[in-house]
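Annotated in TrEMBL:
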COMPBIAS  249-260  compositional bias 'Basic and acidic residues'
COMPBIAS  261-272  compositional bias 'Polar residues'
DOMAIN    61-177  domain 'VTT'
REGION    248-272  region 'Disordered'
TRANSMEM  6-28  transmembrane segment
TRANSMEM  40-67  transmembrane segment
TRANSMEM  73-96  transmembrane segment
TRANSMEM  154-177  transmembrane segment
TRANSMEM  197-217  transmembrane segment
Amino acid sequence: MMLRLLILILFIVTIAVTFFILAKTGVLEKFLIQLRKAGYWGLVAVAVGEVIAGLPIPNLFTLFAMFGGFAYGWWRAFLVAYPFACVGYCVGFLFSRRFLRDRVKKTMEEEFPLFSDIDELVEQEGFKFVTLLRFSPIPFGILNMLLATTKIPFATFALAGIVPTAVEVAVFCYIGTTLEHISEALSGAHLGKVEIAMIIINVLATILCIVLIYFIGKKAYARLQARKAMALEKNSDAVQVVIVTQSTEGEKAKGEEDKQQTNSSFDTKPAL
């Protein structure tokens with residue numbers, strides 16, 4: 001199991017490093033330009049890219065959505081990127097829960113002592129938290145991996161991502177339509193409109209998520225602590241009842257034994 005996990009982690013890291021090298025050397029840019037010339041085969045690449053983006057690999061989600069908008073216009077890119085992005089986050093969640101959950105969860109519990117409480121909060125208020133976190137600047141695939149370590153049911157995770165993913169895909173596809181060259185989506189030194197839009201979106205999303213998660217989390221945490229206290233009280237009462245019951249039964253048994261011994265002594269007393 002450990003060997004399989006190491007192989008999978010190595011595979012993901014290899015993809016991420018390869019993507020970074022291809023982007024920096026200009027190979028990825030040339031590849032995307034050729035895809036644009038290939039007609040609708042480029043939309044197939046957008047679909048495949050959005051599915052792969054569900055894995056914990058940063059930047060792929062935004063890159064392929066923007067490329068789709070840049071090459072094919074907003075509505076074509078959205079109609080392809082959106083459903084496959086939904087498939088992608090489901091694939092990433094199931095993959096991470098199956099192969100990465102134990103290792104990531106152990107690390108989170110060691111680094112963040114309150115992770116167990118957060119885990120229970122996400123399980124109880126999963127739909128709200130996932131919906132809000134989808135609007136946060138946490139990378140698409142990384143968020144899938146983190147949520148996979150919690151107890152949130154898969155159905156809740158999948159449903160909560162439908163609307164936020166639609167909004168994100170729509171925004172990035174639109175940003176793609178404003179690009180003059182695909183290199184603007186790859187080069188941090190020449191982002192222009194993309195940089196401004198991403199900063200505004202991330203700042204607003206982060207502020208909104210922090211505020212909403214704070215208030216929702218505060219109420220949910222209070223309810224969680226109340227339930228824990230109630231459960232602890234019930235367990236304490238149950239233990240006391242068991243102890244009292246055992247004590248009563250013991251006294252009753254002892255009384256019966258003493259009574260039997262008394263009767264036995266009268267029966268064995270010699271007649272005068």
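Each Cβ is built from the backbone N, Cα and C atoms, and glycine gets one as well.
TrEMBL: automatically predicted annotations, no manual curation.
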Original post:
By DSSP, what is the split of the domain 'VTT' (61-177) into helix, strand and coil residues?
Top reply: 99 helix, 0 strand, 18 coil
Subject >> Integer average pLDDT (0 to 100) for the domain 'VTT' (61-177) >> reply: 84
